[in-house]
Amino acid sequence: MLLLLLGIILLHLAALVLLFVSTIVSVWSTSETSTSDLWRNCSTAVNGEYHCNPASTGEWIQAVQAVMILSIIFSCLSLLLFFCQLFTLQKGGRFFLTGTFQILASLFVMSGAIIYTVTSHYWVLGTYAFGYSYILAWVAFPLALISGLIYVILRKRE
């Protein structure tokens with residue numbers, strides 16, 4: 001049972017780290033001369049200067065920012081709830097609240113990645129490819145979802 005709890009906590013922490021990295025790091029989309037993320041759009045000019053513009057160009061980027069931050073908050077709350085329920089839940093009880101928060105975190109990150117996928121051509125001009133932060137967000141989605149489903153199925157034992 002201890003090994004199972006350790007595995008669940010490691011899975012949750014892996015999803016949480018991926019959420020933090022994908023939200024903070026500035027490579028959601030990239031091209032030869034520019035990178036962009038949820039907060040800035042940076043490019044290299046012809047003379048070699050590096051210019052960054054803030055991400056205040058549209059409501060969609062603010063929606064992506066909001067749902068990514070919500071996914072981090074809900075995942076952190078889920079981990080905190082798990083530890084609280086681990087010590088207060090009665091024998092045979094299920095971790096429904098913890099699982100619900102983690103599933104909501106996964107749905108938030110999925111929503112943010114979908115919104116970015118559909119509308120990023122408004123934000124990033126020219127030819128671009130999705131960067132590793134974008135990919136990490138998509139990897140965090142199934143990890144958080146699986147973690148949430150495990151919490152819902154899990155029963156407390158003594």
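Using N, Cα and C of the backbone, Cβ positions are placed for all residues, glycine too.
A TrEMBL annotation is a machine prediction, not a hand-curated record.
Feature annotation from TrEMBL assigns signal peptide to 1-29.
If you look up TrEMBL, you'll see 63-83 (among others) marked as transmembrane segment.
Positions annotated as transmembrane segment by TrEMBL: 95-119 (among others). Listed by sequence, the residues of this chain that lie at least six past the ends of the transmembrane segment (95-119) yet keep a Cβ under 8 A from its Cβ atoms are 12, 15, 19, 22, 28, 38, 58, 60-61, 63-64, 67-68, 70-72, 74-75, 77-78, 81-82, 85, 89, 130, 134, 137-138, 140-145, 147-154, 156.
Residues annotated as transmembrane segment in TrEMBL: 131-154 (among others).
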Sequence-remote partners of the transmembrane segment (131-154) [C-beta within less than 8 Å, at least six residues beyond its ends]: 8, 11-12, 14-15, 18-19, 21-23, 25-30, 35, 37, 68, 71, 75, 78, 82, 94-96, 98-107, 109-110, 112-113, 116
